[in-house]
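Here is the structure we will look at, set down as structure tokens.
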Amino acid sequence: MASPRTPVSPPELPEKNFQYRQVQYWDQRYKDAADSGPYEWFGDFASFRALLEPELCPEDRILVLGCGNSALSYELFLGGFPNVTSVDYSPVVVAAMQVRYAHVPSLRWETMDVRALDFPSGSFDVVLEKGTLDAMLAGEPDPWNVSSEGVHTVDQVLSEVGFQKRTRQLFGSHTQLELVLAGLILVLAALLLGCLVALWVHRDPAHSTCVTEACIRVAGKILESLDRGVSPCQDFYQFSCGGWIRRNPLPNGRSRWNTFNSLWDQNQAILKHLLENTTFNSSSEAERKTRSFYLSCLQSERIEKLGAKPLRDLIDKIGGWNITGPWDEDSFMDVLKAVAGTYRATPFFTVYVSADSKSSNSNIIQVDQSGLFLPSRDYYLNRTANEKVLTAYLDYMVELGVLLGGQPTSTREQMQQVLELEIQLANITVPQDQRRDEEKIYHKMSISELQALAPAVDWLEFLSFLLSPLELGDSEPVVVYGTEYLQQVSELINRTEPSILNNYLIWNLVQKTTSSLDQRFETAQEKLLETLYGTKKSCTPRWQTCISNTDDALGFALGSLFVKATFDRQSKEIAEGMINEIRSAFEETLGDLVWMDEKTRLAAKEKADAIYDMIGFPDFILEPKELDDVYDGYEVSEDSFFQNMLNLYNFSAKVMADQLRKPPSRDQWSMTPQTVNAYYLPTKNEIVFPAGILQAPFYAHNHPKALNFGGIGVVMGHELTHAFDDQGREYDKEGNLRPWWQNESLTAFQNHTACMEEQYSQYQVNGERLNGLQTLGENIADNGGLKAAYNAYKAWLRKHGEEQPLPAVGLTNHQLFFVGFAQVWCSVRTPESSHEGLVTDPHSPARFRVLGTLSNSRDFLRHFGCPVGSPMNPGQLCEVW
């Protein structure tokens, strides 16, 4: 449930300043505001988040003094700080807040005078207040010569909660008087701002500036993210995000932080509340399974007590591991079937069931390259540059082997052999930028033909085990992506010693399962992640890890809880309307392309018309019987987290087998409803926008349309344009991989994409160039999505007229569209994480998703007046759509 957000007018000020100290004034004020939303003094939680989070841990007991009807306490809860007590000496507002947030039991509300707090000593770790101490000083006759009584009152409150020492640590050696004066300056600044707003409204009877609470709030967020010291034509990313970057240092334990991470943290807090406070008596069985799974993950004491035993027992059951004890030397196929079949690890290759790209109405077995633990083959092959990572990885392998019972010296020797095998795998793995032409890498063959291609594996035996109880024969069709890779893998298996093969297979199982074991395994992984991504050990609570695990295991059952509690059905209708507006704008662009012939243009328009959109969630999650059917057969217990994970792997294999003889279903989403993301699926020609992304800053019903089109509108345009990027354009309107372009148009398309590939290949991060080919599809989608969304916004303006501008930001609504787009991508990353993104991510880094796209936008250059030759207007524009 979201915090109430009805617009709030500025409150009536008391006749005399000292009335701020009288409970009668506040009681009357809150009675008058009974139907209004929260009123925030000096800003909301987001305004101070960057300052607060370094001082807070999720376990902190927080006291909020003088809470009023602010949403601060609830927003702290949503931000991952659930233990909040709020006090105010107006019983009227306390009663109102108890009712408003009755659905959040961890929030406590007390009627209390801050000058006489009735809490035991040591009850709180952190104390927050916004203006309460200033209000206590409101009766001072001379704000520049505060009376000793006034200073004593402030000091008394701080001492009462044991906060005085911490305050001095935060503010150094400043005197109490200096601290009080600092507070008074904030009050005066707030009053001055109020006067300026009132003066503006008075001088402009037409109220041309939007002064609703939503407009004021979002204007504040935009302003605090901007860096006005940078010209927008010099560096628009820094102009739009410089303030945000200063205010958002990387949280502990994170290698990157951005809007997506922030929203996912917020969604996790909501899911935590739902799992811990929902009465599941009338829920579906699938929803009850989410709670049982989540609780099993939270049982840290039991997990610690079991230690490594669950995995050691599993290894023994499979046939042993040469690193830790006896093993069966003739068991390669049996171990491969167990590791890759029963427990769904991916040594050497990955096997899955999905829609046939050339016959999208049917599912087919598919085989592709896999088998590397590190994020990219580059980490194995560029050994000089990645020596630290390879050393840390080997140390991690050895530490886990020893934790599972191996001897340090022999474990290191054998793990070195496993690492060398992975390096050989990396050598034959095809780089992602060489796999972009799906027509070239798609190879359909029978199992018998696959057997001839890669004879080291008994494919009929393996696939029959994997897809049991289905009966397969030698003629069963299979799609292989990368025949040369599989051929070389087969040769690699044949020339590798059986003991090394066994160690490698079991190592894949160990990688898959150690996250379900005790803290020692987590600590070992943290050391590797620090080297790989630059992360530091964090105080990330166990519940947050468990929410992610529950989402992975039972994401759609969890999504049912999330959607019922948070999703506004009106958002779905509005999103549908926006998609249609953006589709129309894209199709108008198709009509203007001079390089496309008429036959290809008509087929492209038909494909755009045929794109199917899915908004919010699949319908089945709100039908208890259908939802239960999805997870029927998955056994979940509160007693064993490790066994729940093993059951999940086995269950997913059965689900995969069940899909093979069925046609693909539109209800089968690739993302759960709470996910903060979106995607395009070419074999269904569909775009999907989960509920998790349909919220601010991407979308809010009371935000200016300029921001909504610049936020979720660009995301919608991006996903729609994927249907026509260098890979999506190979699929027709039915989702089938086939050539449907005329040769002349295809040649022209490739010339335009070559410009974009070259453009992005010139950008650098920490002296390392982007791969313009690897990121080509996403760059095409970014550029096309921005153009379609902006054209849709212009069409909306023609129909509805100009919007009121936001106060204080000094931007036209057209400029606001581009700032809104850019601020969605404000981001901070460690250097290690930035490198990992360059070698693995098909997206460009956030900075260049903004700079690259806008420097190609004629509309942006016109509205910001960037002259040719300025950094944002280099003179040559790359346009595809």
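Residue positions begin at 1 at the first shown residue.
Heads up, the Cβ atoms here are built off N, Cα and C, so glycines get one too.
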Further Zn(2+) ligand in Swiss-Prot, beside His718, His722, within candidate set Glu638, Glu778, Glu802: Glu778
Candidates Gly66, Gly79, Gly220, the one Swiss-Prot lists with Trp26, Tyr30, Trp41, Asp88, Tyr89, Asp113, Val114, Lys130 as binding S-adenosyl-L-methionine: Gly66
Candidate cysteine (Cys297, Cys539, Cys755) that Swiss-Prot pairs with Cys546 in a disulfide: Cys297
Swiss-Prot annotation, disulfide partner of Cys878 among Cys241, Cys539, Cys755: Cys755
Swiss-Prot annotation, disulfide partner of Cys826 among Cys241, Cys539, Cys866: Cys241
Recorded disulfide partner - Cys233, candidates Cys539, Cys866, source Swiss-Prot: Cys866
Mean of the pLDDT scores, which run from 0 to 100, over the topological domain 'Lumenal' (200-881): 93
Neighbouring recorded positions, C-alpha within 10 angstroms of Glu719 (active site) - of Trp26, Asp113, Glu778, Asp782: Glu778, Asp782
Most distant Cα pair in Å, residues Trp26, Tyr30, Trp41, Gly66, Asp88, Tyr89, Asp113, Val114, Lys130 binding S-adenosyl-L-methionine: 19
Asp113 (S-adenosyl-L-methionine binding site) and Tyr39 (phosphotyrosine), Cα-Cα, nearest whole angstrom: 20
Neighbours of His718, His722, Glu778 excl. site residues, C-beta within 8 Å of centre, Zn(2+): Tyr680, Glu719, Thr721, Asp725, Gly777, Ile780, Ala781, Asp782, Gly784, Gly785
Distant-in-sequence Cβ neighbours of His722 (Zn(2+) binding site), under 8 Å, six or more positions away: Tyr680, Pro682, Ile687, Gly728, Gly777, Ala781
Whole-number Å value for how far Trp41 (S-adenosyl-L-methionine binding site) lies from Asp782 (active site, proton donor) (Cα to Cα): 38
Cα distance (Å, whole number) from Glu778 (Zn(2+) binding site) to Asp88 (S-adenosyl-L-methionine binding site): 51
In three-state DSSP terms, the structure that Asp88 (S-adenosyl-L-methionine binding site) belongs to: strand
